[in-house]
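I have placed the structure first, in the form of structure tokens, so that the comments after it can refer back to it.
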Amino acid sequence: MSKSKFERKKPHVNVGTIGHVDHGKTTLTAAMTVVLAEAFGGDARAFDQIDNAPEEKARGITIATAHVEYETSERHYAHVDCPGHADYVKNMITGAAQMDGAILVVSAADGPMPQTREHILLARQVGVPYIVVYLNKADMVDDEELLELVEMEVRELLSDYDFPGDDTPVITGSALKALEGDDSEIGKPSIIKLAEAMDEYIPTPERPVDQPFLMPIEDVFSISGRGTVVTGRVERGVIKTGEEVEIVGLKETQKTTCTGVEMFRKMLDQGEAGDNIGALLRGTKRDEVERGQVLCKPGSITPHTKFECEVYVLSKDEGGRHTPFFNGYRPQFYFRTTDVTGSCELPEGVEMVMPGDNVKMTVSLIAPIAMEDGLRFAVREGGRTVGAGVVSKIIE
């Protein structure tokens, strides 16, 4: 049974484990693959297969991440687990592994610890929408009241960061016992319960093709007798010939009509998320559009210059800066297809930022960019990447 192929008919959801070091994230990840493979098919993965995560590069940053997949009665899940704390920070900020929901692992024996708090804060900052809690190592706690106390602490911590602490599912168990095949309540049944909680509590994400149309503009051409063509890869949604679109960013927003969509030199009726297309724009002059703007469904996204963000600053070993930067630092911010200069305002009490740190800051750009919460960007100095960030809150 366990070798059966995944049924791709089930909806697909991306999740990941977060939480303090040694609270059992990787053990839980392994237990989930084993118990769910037995119950619903799929491949079991051993702890050491997950723990020796390969390094991958995302936006020039090296991140160690393990990817596993499993299914439940309702869904197919892709699950990421990172070996080290720094990998989590980088992963969440770069969006290398986008999460529709997270499983927060807290050791019942220790309660919430500094990284528990930090990961919840990061989840809030980078826009992880839902968190489900697994209170692990319950076999090491004899006192029922202590378990309740830890659960209360975790719920309060979630509420502190604007997650609905009171409504969050909290499953108590022991990932190790489950992995060992224990059938008592805290063993395998706790994993099934966790899977059910994920199915119920984490909504199925909207597919990119169902979202409002957006295409970052990479190039602009003028075709004599036909007009102006902009090219790029459709990020989300669908564009049909004859539809009205907006050009947003860098200049005043303009409305125009898409009079043709072409792909591989063929004219099409429409282009959709994932397609590399050329869009012919009615009445738009070659010099009114440029790389760095976006083509989008009217009213779906607006241009902004000032925002709060969470930034990971590359270490020297990663090819980043060798020295710290201070308040008023002015690098370039690379959004989608272009660099815009901006100045950085550090939080009160933060004198400087060292390579390898992550920091919350406020940025003011010299030109507006089509922006929404959760938008990823790179921080660059003269074309060299020195950081990665995500917009956490738009100010103006």
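Each Cβ is built from the backbone N, Cα and C atoms, and glycine gets one as well.
Per Swiss-Prot, the stretch carrying the note region 'G4' among 136-139, 184-187, 272-275 is 136-139.
From the options 60-64, 100-104, 390-394, the stretch Swiss-Prot describes as region 'G2' is 60-64. Between the stretches 1-4, 81-84, 357-360, Swiss-Prot puts its region 'G3' entry on 81-84. Across the region 'G2' (60-64), DSSP classifies residues as 0 helix, 4 strand, 1 coil.
Mapped onto three states, the DSSP output places G19 (GTP binding site) in strand. Among the binding-site residues K25, H85, the residue whose Cβ has the fewest other Cβ atoms within 10 Å is H85.
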